[in-house]
Amino acid sequence: MESTPAVPVPSKPKIPDDPGRGAFISLRRLTPFIRPYRGQMVLMTLAALGATLVGVAVPLLTKNLIDGPIAHHDKAALWPLGGLVLLFGIVEATLFWLRRWFLQRAALGIETDIRNAFYRHLQKLPVAFHDSWQSGQLVSRVSGDISSIRRFFGFALIFLVVNSATFLLVGGALVVIHPVMGLIIYAASVPLIVYGRVVDRRYHRQSRAAQDQAGDVATLVEESALGIRAIKAFGRQGLVFGRFDDRARQLRTLELRKIRTLSELWAVFALQPQTVLSLCVLIGAYAVSSGALSLGTLVAFISLYLTLLWPIESMAWLMAQSQEANSAAERIWEVLDTVPAIADPEDTRNAGDDRRGELVFENVGFRYPNSAKPIVSGFDLRVAPGETVALVGPTGCGKTTLTALVPRLYDPTEGRVLVDGVDIRELPLTELRRKVACAFEDPTLFSASVRENLTMGVPDATGEQIDEALAVAQAEFVHDLPWGLDTRVGEQGLTLSGGQRQRVALARAVLGRPSILVLDDPLSALDIHTEGKVEQALHSVLRGTTGLVVAHRPSTVLLADRVVLLSPAGPDGATIAAVGTHQELLRTCPAYRDILSQTSDLVDAADEAEAEAAEGELVEVTR
Ligand SMILES: Nc1ncnc2c1ncn2[C@@H]1O[C@H](COP(=O)(O)OP(=O)(O)OP(=O)(O)O)[C@@H](O)[C@H]1O
């Protein structure tokens, strides 16, 4: 089974001029996230419409007040109508409160659900996806974009509905009160809608560009926070700030463009109702003076029309919010639509007995999705259960890449990797990752307690197992930390040295005794004294486990039963140059001696004459 690698999406995709955009396709696709809250949304829309109805009733009551008790000087009739106006005011305020409180709860729920789905999906996406995306672009999506969507659902959507309903309702009432003036109001809205749609598209492009730029700015902040030591050590604060300033200014320019468009929208949407209002006042005043209209009717008409001013003016802002949320949703879907290339197979197989741990590379080739040439090709290797094999080779030849194929951080582009006779692509990922544990050269610890970091792969590990793993990795120092195993490490926690982190990461890998242990130069940051002790303990762990160890130094090579020497990467990538025990290769393989010679006197101690004599006996594979 060959899985397709995740399609690399450029960190700043070109904004397509999609004619369907006006239909808010990306936002509409979020409907499944709204479904659990639809009851609340409907109730809140009803509350909002109720408040609007009450708002419409007040001017009509005013009309009755003016044309009735006021015109006829009937003080007694004034009180019940005045009381009714007050009651309607209280009902309107209560409905406002209900709408705001429950709607925001629903919007926050939708926001949390989208954010969780986004993060869950990010965890499923393979390393190749993360290689091709700037982390700031992901951070800006999970924070800024999802918040834009929440603002839309918690505010803009309901007002779009309420404003449209208000417009139809009040407009209808106005037509009934005075058909000519009412129809003028409707007719005048047509050019406004056409204009709004044209400007809306422009605003969509602008808000998408600004969102992408915000992602770039976030990437720079993250990069400089991670690389702060190097920046300071090389005194490059000025340079880094220059780059940041440049991007931040570009963001400012893009935001200013949006503001210009929004200001234009506001101005037009504010001018139109005022113009219509003055027209209505003129026509109405003429009608009252000629006796065709009562003063109360004109006051009611104008009062009602005044209730439309804000809904019409705010449409400009609501349309902009909707476009912003739509382009934010577009950015969310770009991630959610990426199919995880490395996932559980449909038909899973069982790798059998837990403790066997046979690892086979069968004619494996690999090329990174974004590179033209393969890193390795034709790699054949069988690591027997309990055996440890070291990968040695020139820097950049693909040792780390090969180890990454075992836990399926990447899938081979040719051939297959088998564990206990089963292609690992046919194993459930949880089973594979229970069988295979890794410790990388650059150990990552999470901002959590030492215990949480250690038990990531084995959450139910006992205290005894933890102590055993700590002993193997010579990481007992964690007991001396201020709160022992409960001390927070990693970001915002206690800072550990490189060697200490490496030992905790090693303890994490050996905890739970995996059947296959993949170690990528796990001792590189240790002092000679600690390295010796860790090696001793690792020897005993590796005796009961299958091991694949990337080794740069002879001391690490000595952990292995056999050594695989990789050739320097050629046009077809690296291949196996030689396989043998450390001693055999030392004696017979000059390339192997060359690679190790700079770091050890073990090599100098080897007898060159003996090496030449034994040369023919070595299993040597050259492609
Ligand atoms: N994510 C990636 N995308 C594209 N190319 C990559 C990626 N990671 C590594 N490479 C390239 O693959 C090649 C092999 O890298 P790899 O880290 O496997 O080498 P290595 O033998 O472990 O090196 P070293 O001994 O220096 O640790 C290098 O040329 C590297 O530039």
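The backbone N, Cα and C atoms fix where each Cβ goes, glycine too.
All TrEMBL annotations are machine predictions without curation.
Annotation source TrEMBL lists region 'Disordered' at 1-20. Sequence annotations record features per position, and here TrEMBL assigns transmembrane segment to 41-62, 77-98, 152-177, 183-199, 292-312. According to TrEMBL, the domain 'ABC transmembrane type-1' annotation covers 42-324. The domain 'ABC transporter' annotation in TrEMBL covers 359-598.
At the 8 Å Cβ threshold, with sequence separation of at least 6, the transmembrane segment (152-177) comes into contact with the transmembrane segment (183-199) through 3 or more pairs. Only residues 6 or more beyond the boundaries of the transmembrane segment (183-199), in the same chain, are considered here, and those with a CB under 8 A from a CB of the stretch are 22, 167, 171, 174-175, 261, 264-265, 268-269, 272, 275-276, 279-280, 283, 305, 308, 312, 315-316, 319. Tertiary neighbourhood of the transmembrane segment (292-312): same-chain residues 55-56, 58-60, 62-64, 66-67, 71, 159, 162-163, 166-167, 170-171, 173-174, 177-178, 181, 185, 189, 192, 269, 272-274, 276-277, 280-281, 284-285, selected by CB-CB distance under 8 Å and a gap of 6+ residues from either end.
Across the domain 'ABC transporter' (359-598), the model assigns an average pLDDT of 87.
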